[in-house]
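This report concerns only the one structure given below.
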Amino acid sequence: MIREIDKNYMKLALSLAKKRKGYTHPNPTVGAVVVKEGKIVGLGYHEKAGKPHAEVMALGQAGEKAKGATLYVTLEPCTHFGRTPPCTDAIIRSGIKRVVVATLDPNPLMSGKGVEKLRNAGIEVDVGVCEEEARELNEDFFTYITQERPYITLKWAQTLDGKLATLTGSSKWITSKESRKVAHILRREATAVLVGVNTVIKDDPHLTVRFVPTEKQPVRIILDPELEVPLSAKVLNTEEAPTIVITKKENEKAEKLKEKGVQVLILKGFNLKNILKKLKELEIMHLMVEGGPRTLTSFLKEGFFDRIVVFIAPKIMGEGLSIGDLGIRSIEESLKVRKKKVENLGEDLVIFFKRY
């Protein structure tokens, strides 16, 4: 039976999981709490892929006190050998009496298997405590598993009249330092950041996390069908972060890019569906698309997005570049999104949207 106290302990487990948001890819972000006789005896979170899972960390901290205790975990414990052994085996060995799970594994081949194994071992299992919060925490992982592609965030900065750049392509800087700091937090949570080659040519960005502390850098991906990227571009400095150039050309320039440590992916079928399929194979779980207007338009037009984050500055540009033609000819055909959150960032606004 689920009680109010179960929700409190699960919220603690969720807060532990959030500490590692962005660092566990391609694994989910998971937290765990072990409670015995009303006292917390073990806390854990999954640090990164290849490291012990949250349940194992919490059980290790609890030690002998795990016998007869309750384990709270934000995602169904795994039953398979991956980078680490199954968590269900560790739970059964520990002597845990009850397990409370926030949400089931999204993989249809695995969903419910962990719960079933624990119940077959005589352990009481309850599922669905803080489920909505747990699913939202790992929405990137759920999409990655169920859609067979990365979770996609489209992010852009615009003026009050909806312009993303001037007619010459200039976009530095539309928004404030406060907005750029939040943008770097979003980068930190992503597995990879993607731009079109025009953005590299016009802005020469680093595409790294710089304004906030970080333990890792996202993979930088450039869509460059004709291999136009300048060899002097900052994004090609692979000492800062890994870089992938996706193209349909195979020539001498591709070899020069490889010499610089850049991974060059040559796709004959150069389209978003094939690109996203390849990125899934490369374990890119959360892809943040940062532009420019042409690249953002292509993702919107083909419906490849899960979240949109728009930074709005109190500036009016008049003529300029904005989201392009989506093939929409009536208001009824407009892409509809759901507002999730609005924040004030100095003079700017940032609005988070989810697709319906």
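Using N, Cα and C of the backbone, Cβ positions are placed for all residues, glycine too.
The candidate list Ala157, Ala190, Ala254 contains one residue that Swiss-Prot assigns to the NADP(+) site with Trp173, Thr199, Asp203, Gly292, Pro293, Arg294, Thr295, Leu296, Thr297, Ser298, namely Ala157. Of the listed candidates (Arg187, Arg307), Swiss-Prot assigns Arg187 to the same substrate site as Ser171, Leu207, Arg210, Glu290. Other Cβ atoms within 10 Å of the Cβ of Leu296 (NADP(+) binding site), summed over all protein chains shown, number 23. Counting only the Cα atoms, the space from Glu55 (active site, proton donor) to Cys87 (Zn(2+) binding site) is about 7 angstrom. Averaged across the region 'Deaminase' (1-148), pLDDT in this predicted model comes to 93. Of all Cβ atoms in the shown protein chains, 22 besides its own fall within 10 Å of the Cβ of Gly292 (NADP(+) binding site).
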